[in-house]
């Protein structure tokens, strides 16, 4: 892996000098190999180590190089056609492969090559970009969009119309992360590298970016860039310093442990807010 990283780093530093008509074979195969490893979930853009999310910038560089060197090509679908640089993840799959991986892909879901979809997942008509990681037991509902490099954990429900932000550039920016056992309500937007920690319930229509105030009404704390584990969050407002107007905020209305979450319907959690 160190050798792959070295080649990618050196190539990216000299990307403006790349001759697309005479690209070095070793460089070409290295880029393709890295994207294949991402596609198969062997490596990932971001991973949690010692309770901290680490983003591998060199993998983002590999994705950018892949898009840079690829040419647009005709992509045939059963009901339409496409013209793009990045092929579709499942364009060469057969029934046996789908059954082996235990994934259900509902047309016209669009998943780009280089995104990883783990076992026992359901992908409704939605869009998943290159570099994204979708872990097992997760459902991506209709018209949801999962941006480039976004990380979605195990047993997550991404509801209809949800937007999970992607990031390739700037390279130092972290991807948006939804940890295990979370529920993201319909039409919500989680972007700009925000981390939704494990076991959270995000109500419908909640918008969270890096500058969004996330207010915990139980203790008065304000968070930025992350929602603490096991939080139930709704959209709301907080007063300005001069009290003349209110500004949008995400409000943590309660905490719910894993045992309670497993026994309680999501709608019940959101309705029982006082």
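Heads up, residue numbers simply count up from 1 along the chain you see.
Here the Cβ of each residue, glycine as well, is placed from N, Cα and C on the backbone.
Keep in mind that what you see is a predicted model, and the values were worked out from it rather than measured.
What Swiss-Prot says about this one:
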BINDING   104, 141  substrate binding site
Note to self: Long-range neighbours only, meaning 6 or more apart in sequence with Cβ under 8 Å: which ones does residue 141 (substrate binding site) have?
What the structure shows: 124, 126, 157, 158, 159, 160, 161, 162, 186
Notebook entry, point to check: Tell me, how many other CB atoms lie within 10 A of the CB of residue 104 (substrate binding site), whichever protein chain they belong to?
Noted result: 13
Next item on the list: Look up residue 141 (substrate binding site) in the DSSP assignment and report helix, strand or coil.
Entry: coil
Next item on the list: Provide the three-state secondary structure of residue 104 (substrate binding site) computed with DSSP.
Entry: strand
